[in-house]
Every structure is written in C-alpha cells, then in structure tokens.
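Undergrad: The following block contains the structure, expressed as structure tokens.
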C-alpha cells in the first residue's frame, strides 16, 4: 500500500439523493439495463497516461504536478503501478489502458527499453492477480520521442520503421501477456506538415504494410483481441492520415484489412474532424468497424483538443444510443482518455474527475436505454423509409436506368416532398434525457 490516496474511501453507489461527493449517484455497476449489467454495458477504463504519467504541462508551461513516482527508474515505475491499482480499486474500475512509455522508463537502447517493459509488465501482472481490474487495451507510444518526429510507419527513414515495428511487437506481446481485450494503433505523427517534402503514395503504402504485419503477428501469436485504429485529423501533425472514420475505412479497404481491424473512436477527435461523436459512431457501426471509444470532451470555444472529462449527459446519451443500436460493446469499452486540469493538484481531484465522468456516462446510458426500449425513435425511422420495403422499390434496385425511366414515364411518377419531422424527434429525444 502507498499513502497517495490516504483518506479517500472506496466509491460506492448511493443514488441520486446522495450529497456525498465520494459516491456514485448514477453509476450502479449491478443495475440491469436492457438485460445487461451497467458495468458490462459501459466497460469503463482508466487511462494510465493522463492519470499517472502526465506532468500537468501545456504549450506555455511545464510540470505542475508533483507526484512521488515521477522519474526514470524501474522502482518508480513500480510505485506508479502500485498507486494506479489503488485508484482502480477505489473506483471499482473494471479496466485500464496504457502506452508502453507510460508504464516503463525509456532505456538507452531498444534492448534496454524492451527489458524494462518486460519487467514492469510482470509487476503489473502480479498486481492484477489481486485486483478485479483487467486490461482493455495496450498500445505503443510512437509519437513522443524525437525519433518519431517524421512518423513511425510513415517515416522516410527505414530504421525508424524498423524500430517502430519492433516496438509494436513488444507491446502486442505485453498486451497479450496481461490478457488485453484489444490492441490500439494511433498515428499521431503519421501525417505531414507540408507536401513539399512528402511522398503520399509511399507513406500510405508503408503504413498499409505496417498494419498488415500487425494483423499477421496477431494471428501468429494467437491474440484473440481486436486490433483497433484511433482516428484523429490533426494534432500533433498538421494533417493526419487517419483523419476520421470514413478515411480510415477507405485505408482499410485499400489494403484488404476491413475485416481485420476496427476503430477506437474518441469524442474529441470527432469534433476536431468537424463531426459529431454520434456521427462517427453511427458511421463506424454502419461499416461494421465500431470497436471501442475514448470518452472526453474538447473546449468548444477554443477548439482545442483539451481532453477534459465528460459532464454533458444529453450529448453523451446520443453517443450511447448509437452504441446500443449497434448491439453494444464486445471487446471494446469506454476509456477515459481525459485528464484533470493542470491546476487540479490534489489526489482527490483525480478520483473525483473519474467519479463525475463515470456518473455522466451512466446517466447518459440510462437515458439512451429508455428511448431505445421505448422504440418510438426507431418506429419513426422505419416509417420514413417504409417505401423501400415494397416489392416495387426492391425490384427497382435490381433494375437499370433505362427500366426505371420507362416506369417513371408509364406510371407518371411525380413525387411530393414529405416532412422529415426533425423538431418532433428532437422533442421526443428531450423527453428521455
């Protein structure tokens, strides 16, 4: 035991009437919703990087947090892991996520970094034996170190490609050893700053081959989890190749990987791409590639990707409605890719941020489930497209332009516009949130 969270009680569900800030008001893990426990619907995960590795810096200032585990030794990395599992237990968090650089110190060589990762993974595995918390997904940090400034899989230097591939192999091994449900790839540096020095074709082909290697290795080692790509349009690159759901799907189709890889979709990244979160989720579900989500929010005034904890449950309810429509999570879940503000220095702030985020998502899920169970929205949606269920409409889809023209002329088809009833449906939605 450490003393970092000393005095903070285990968070329990007390209901909406509770005034205890260290209690859940909406998140009741055992509450059954649509035939499934709330915990199994939401599958919450704590992000190792924002919660335990981020020093509190921003583009205009450095570290504000003073954590006892900050440093570059394995002993401090193990202390960080011990503190992390204490918070997981306080929250009752079912999952966590990590990058390799979050959990192990950087070595002077690749071999040393590999040994460090293996040792800390053994330590984390020991901690997991005494905890209910499991690994939702692991990933490799291929963007922070200066070697990745021009990308990893898309780097013009073959040696960086090699280093990156070897790093991913080690992280996949670590993820499998810890029983991870997924493995994530995020291409923060897989993009460009200027076309003046960029070969788009080569970079795309190298990225495609890299991903094929990842999929091949997954099957070789017998990893039963899902490979996930996380889209983002920019930050840190000016233009990233995994821009949004549609772009990534085109990339997967190009390299024959659309049946092998799904997506980890982040709320903040969807906003950066000019979409709503629910749009990206609905499109991914339509394409059969919805895997998992990162839950956070941006600053809507500045437009920055601020990775704040969610607190707007009506907005989140739209997202969870699309997840319910898609059948819910299988291997995926709700990872809080969110960080407390750099002025929030106290251990209590870190715990309460997760309490608020978990309650917000639980409240959103309950609202989405009520509407989904009611069925009114789906009835209205089906009625709008009912004409396509007729034999004539189905036959038209199997015919030709010439045949359709002949039918329009013969039957004097002259369609009249029909209301989309948007305001009615918005009012319906508001009744449930």
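Backbone N, Cα and C atoms are what each Cβ position is placed from, and that goes for glycine too.
So Swiss-Prot lists the following for this protein:
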BINDING   305, 307  Mg(2+) binding site
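Situate these features within the shown structure.
TA: DSSP gives residue 307 (Mg(2+) binding site) a coil state; it is part of no helix or strand.
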Undergrad: As a test of the contact definition, list every same-chain residue at least 6 positions from residue 307 (Mg(2+) binding site) whose Cβ is closer than 8 Å to its Cβ.
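TA: Listed in sequence order, they are 50, 268, 296, 298, 337, 338, 339.
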Undergrad: Once near-sequence residues are set aside, which residues in the chain of residue 305 (Mg(2+) binding site), 6 or more away, have Cβ atoms under 8 Å from its Cβ?
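TA: 235, 268, 269, 272, 298 - these are the non-local Cβ neighbours of residue 305 (Mg(2+) binding site), listed in sequence order.
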